[in-house]
Amino acid sequence: MSSNISAIPNSLEVIRRSAQFQASVWGDYFLSYHSLSPEKGNKVMEKQTEELKEEIKRELNSTTKDEEPEKLRLIDSIQRLGVCYHFEYEINKILEQLHHITITSKNNGDDHPYNMTLRFRLLRQQGYNISSKSFERFRGKWESSYDKNVEELLSLYEASQLRMRGEEALDEAFRFATAQLEAIVQDPTTDPTVVGEVCQALKWPMYKNLPRLQASHYIGLYSEKPWRNESLPNFAKMDFSKLQKLHQKEIAYISKWWDDYGFAEKLSFARNRIVEGYFFALGIFFEPQLSTARLIMTKIIAIGSVLDDIYDVYGTFEELKLLTLALERWDKSETKKLPKYMKMYYEALLDVFEEIEQEMSQKETTPYCIHQMKEATKELGRVFLVEAKWCKEGYTPTVEEYLDIALISFGHKLLMVTALLGMGSTIATQQIVQWITSMPNILKASAIICRLMNDIVSHKFEQERGHVASAIECYMEQNYMSEHDVLIILGKQIDEFWKDMVENYCVVITEEEVPRGVLMRVLNLTRLFNVIYKDGDGYTQSHGSTKTHIKSLLVDSLPL
């Protein structure tokens with residue numbers, strides 16, 4: 001831990017903490033994208049893309065019953081390749097019919113294992129609370145049923161990711177498939193391509209991976225599959241490249257926006273992570289029609305990240321009380337009560353919210369969304385202040401106290417209301433916004449998963465620089481346990497909360513009629529942090545896998 005000296009209003013000098021955050025690994029790299037020449041429409045490619053799209057639609061709309069396994073494989077491939085947003089109507093129709101057939105048929109137990117697991121996964125992913133009883137017949141005879149068939153084992157493994165609490169057969173399936181796949185990887189006779197595919201699945205199961213990252217990996221893999229659909233690879237490559245150009249244009253704009261505000265220079269104690277912030281937004285929604293949503297989300301993530309660093313690292317407790325009060329009042333006249341660095345931040349915060357409100361003024365629910373975003377920001381200030389008080393006093397809260405705060409302090413409510421604002425008033429009705437701000441169970445499960453994953457990978461670094469106790473310290477002190485044992489327990493809890501995510505996704509779609517598009521943003525938010533915190537704190541220390549992910553989506557081009 002290091003310190004530096006900064007002036008405060010009464011001219012006394014105060015020694016401040018510093019986390020010595022790494023500089024941005026990107027610097028001004030994406031500002032150069034502003035100078036790129038606009039892409040001229042390639043009419044030949046556009047025509048070819050449209051023809052391929054129509055060809056895929058025809059195959060989805062074919063009605064031959066004997067083709068069901070092939071059609072399910074086609075849907076799975078479309079989803080893995082990240083182009084399912086083009087075929088939502090067709091896929092919804094097919095899976096709705098399939099669900100009806102599945103729950104009324106008495107012969108599903110005779111299915112081939114691959115077909116059964118694929119059908120189960122596709123239906124659960126869609127939000128159908130399909131029974132897992134069909135897996136019961138394999139209990140005690142997994143090896144004889146699957147016999148080291150890699151494709152079947154991968155299908156079983158991916159299906160088991162969508163298990164709920166109490167589904168013991170799927171718990172068994174997960175353990176069996178994982179062990180078998182790990183053995184295949186260790187076998188020196190296994191084809192290297194197969195090893196790569198299995199390793200990818202073991203680290204990044206489809207349900208817990210970001211769709212765009214999944215697509216960037218799977219496009220090359222799918223092209224080599226002997227059973228591939230001939231139209232899909234080219235269509236997926238063209239679509240990926242087209243979207244990438246849009247995303248590059250957006251990151252250039254947002255980089256300039258950040259540069260114009262001068263946050264990196266004026267608030268140099270904070271993390272300069274505007275590129276990573278855009279990657280977060282891209283993870284939550286990548287579709288072309290949600291461009292404005294990504295830009296709004298990135299601005300909120302950026303301004304929220306600085307707020308976190310003020311409370312977490314730089315501000316004195318007395319200054320933080322002033323800032324919390326200023327947030328509650330939400331008025332520029334409050335700036336005169338704040339120290340210089342806070343004044344700059346507070347004015348920028350209010351300006352960003354006003355800027356977003358003006359950008360979205362055409363949307364019917366904008367005033368209500370903006371109001372709820374402000375309320376969520378005020379709430380963040382209050383819980384950040386509680387954490388600052390705990391840190392100042394050296395207090396280790398109980399696990400229950402910690403989780404009550406953690407549900408709020410990760411910012412899920414603010415992020416999700418921002419997502420709804422960007423998605424538009426057709427989806428973001430006042431009723432849906434109220435549902436999100438009530439912190440429904442699916443959002444609570446997501447917040448706990450993200451908080452625990454963050455604590456597991458970052459608690460040592462944070463404790464070294466002086467930080468509020470994490471879940472690890474809370475568990476250790478309350479239960480007199482070793483760090484090793486606590487990490488095992490928290491890992492198991494994360495698995496259980498993923499099961500809650502699956503169950504609540506299905507329940508909310510069927511019983512509360514929340515649009516699938518809204519729930520998908522909650523799921524993508526959880527996937528995002530699963531990716532970011534998989535190998536460490538990929539936001540604070542973004543030079544490793546996070547940089548690789550960003551490069552694959554925003555820098556590297558696919559050969560067409």
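Residue positions begin at 1 at the first shown residue.
Yeah, the Cβs are placed from backbone N, Cα and C, and that goes for glycine too.
Its Cβ taken as reference, Asp308 (Mg(2+) 1 binding site) is surrounded by 16 other Cβ atoms within 10 Å in the chains shown. According to Swiss-Prot, the Mg(2+) 1 binding site annotation covers Asp308, Asp312.
For Asp308, Asp312, the entry in Swiss-Prot reads Mg(2+) 2 binding site, with the evidence type similarity to another entry.
If you look up Swiss-Prot, you'll see Glu462 marked as Mg(2+) 3 binding site.
Look at Swiss-Prot and you will find 308-312 tagged as motif 'DDXXD motif'. The DSSP breakdown of the motif 'DDXXD motif' (308-312), given as helix, strand and coil counts, is 5 helix, 0 strand, 0 coil.
Around the Cβ of Asp312 (Mg(2+) 1 binding site), the number of neighbouring Cβ atoms within 10 Å comes to 22.
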